[in-house]
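*Asks:* The following feature annotations were taken from TrEMBL:
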- 25-40: compositional bias 'Basic and acidic residues' (COMPBIAS)
- 1-49: region 'Disordered' (REGION)
- 236-261: region 'Disordered' (REGION)
- 146-188: repeat 'WD' (REPEAT)
- 189-221: repeat 'WD' (REPEAT)
- 315-349: repeat 'WD' (REPEAT)
- 358-398: repeat 'WD' (REPEAT)
Amino acid sequence: MEADPGSRKHKEGYGYGYYGFNRKSSLDRRRGSSHGEDGHGSSSTIIPPSMQKRLNSIFREVEKEFENLYLENLRLREKVDLLERVHMAEKDKDKDTDEPDAFENVLKSFTKKNAFKTRHKLKAHTSKIVSSFKPPQINTARVREYKGHRDGIWDVDVSKVGHPLIATASADKTARIWGIDSGKCLLNYTGHAGSVNSISFHPSQDIALTASGDGTAHVWKASAVPDFTPSGAGGFGLSSEESAADSSEDDRRTSNHPSDLSRCTAVKTPIIALSGHQGVVIGCQWLDDDLAVTAGWDRAAHLYNVETGALMQTLVGHDAELTHVSCHPSKRLVATCSVDTTFRLWDFRETIHSVSVFQGHTEAVTSTAFSRTDQIVSGSDDRSVKVWDLRNMRAPVTSIQAPSAVNRLAVSLNGTIAIPHDNRQVVLYDLQGQKIIRLPRDASKPHNLMVTSVCWAAADISESWRCKANLFSAGFDRIALGWTVRPASKDEKEAKFKE
């Protein structure tokens, strides 16, 4: 049964949709079980007076901030116009005149501090204008849509064994396996009794791990045959341009048809259920082929042997609910994130494991992702992303200011950070903090609600797929999107520059 849509649409006349500032009320209730915690009850449509007051305060602050920016922009424009007029007048004056230098008088009217501020701001604005004329270094396109869930999607993951498959976890209490090329749902897992909050493919087998608001994590068979669609005599390959142009037609033909959803293979029972948390299980990841880690709202992370279901170790120390868990792709390192504004690094490479605490955020840490090097990236509700050196945890090496709260981010093999936002966008940065591009680059075909999660596919593997998608995003608009992100060729750069 579908959740009451009123619980995640516009609230009390505020036309700002379903964003991060009411996450602890509506969104968090959806992550819970079906017994009143997942937002299905009628009470979830009523905002408490204290929350209404907080929302009003936030909107007033946002409006005031935009008003101040607008006024500051007007003042800067007036100063620029004045300087230009004085400069033109100075050129027309006789060089031998004894009259005071008007341009010099204007400059002297500013204090040294104000002059520096104005120069700095003008330089920043000029840099933005100049950068808009630079030819793009990255080509991006939305190439597939995966549609079929009946409620928002919390998480997305891509197959680790090279199959063209992605998996999604949804508040509709199901997890689905999709064919990347066809956009069709191939398998539907319905074994959970609450919102499915996280999903992770096994590193070497066709099984998946899911975490749920019903207080359990399930390991289940995720074997699905990818639904290939041949493209002529040349086999399955298409160029990214052909794929992008063909994607909208394919989406209409394959992704949204009800009969496609009815043909999903249904899986109702897990191979093994992992229990032990006292409440919602919010995240899950594979540490290696035999061990899995889960994170819960009970402030603890659990390490399980998935073959026996035995709880091997409980990781405690956080002062508030956990929000996410991630594992290093090749080392026995686990990172747990919490509402307590910190994330902890658990090192299992030695018999006696060590724990490091990373402090630097001012609000809940929503996710972490390891790079292939000795770095880890953290995202937070404080609208920032920080890159840390695992060998020196005292301070981040890079800080990125985000336009809105950050959700479950991901780092590619070449070190590109994909950051999903509450404002419906995905922004790409490198590990040095330089912005690469925003998805979508124009106003076409974005997510309609906040983007909750992203994941990368290995570039060498995704090139063999028909649609060439190597980045996937999931949103609370119930859909997942496949994007192709690749370096622009020399000819493409020149063509864009001429435009």
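Yeah, the Cβs are placed from backbone N, Cα and C, and that goes for glycine too.
Note that TrEMBL annotation is computational and uncurated.
Note that the structure is a prediction, hence the values are computed from the model and not measured.
Explain the structural surroundings of these features, please.
*Replies:* Mean pLDDT, taken over the repeat 'WD' (146-188), works out to 95 on the 0 to 100 scale.
Residues 30-34, 37-38, 151, 154-161, 163, 165, 167-177, 266-275, 277-286, 288-289, 292, 294-296, 304, 306, 324 of the same chain lie 6 or more positions beyond the ends of the repeat 'WD' (189-221) yet place their CB under 8 Å from a CB of it.
Helix, strand and coil residue tallies for the repeat 'WD' (315-349), in that order: 0 helix, 19 strand, 16 coil [DSSP].
Distant neighbours of the repeat 'WD' (358-398): 20, 23, 320, 323-324, 326-330, 333, 335, 337-345, 404-411, 413, 415, 417, 419, 429, 431-433; these residues of the same chain sit at least 6 beyond its ends, with a Cβ under 8 Å from one of its Cβ atoms.
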*Asks:* Give the nonlocal contacts of the repeat 'WD' (315-349) in its own chain as ranges (CB under 8 Å, at least six residues past its ends).
*Replies:* 198, 282-288, 293-303, 355-359, 361-370, 372, 376, 378, 380, 382, 390, 393, 408
*Asks:* Based on DSSP, tally up the residues of the repeat 'WD' (189-221) by helix, strand and coil.
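*Replies:* Within the repeat 'WD' (189-221) the tally stands at 0 helix, 19 strand, 14 coil.
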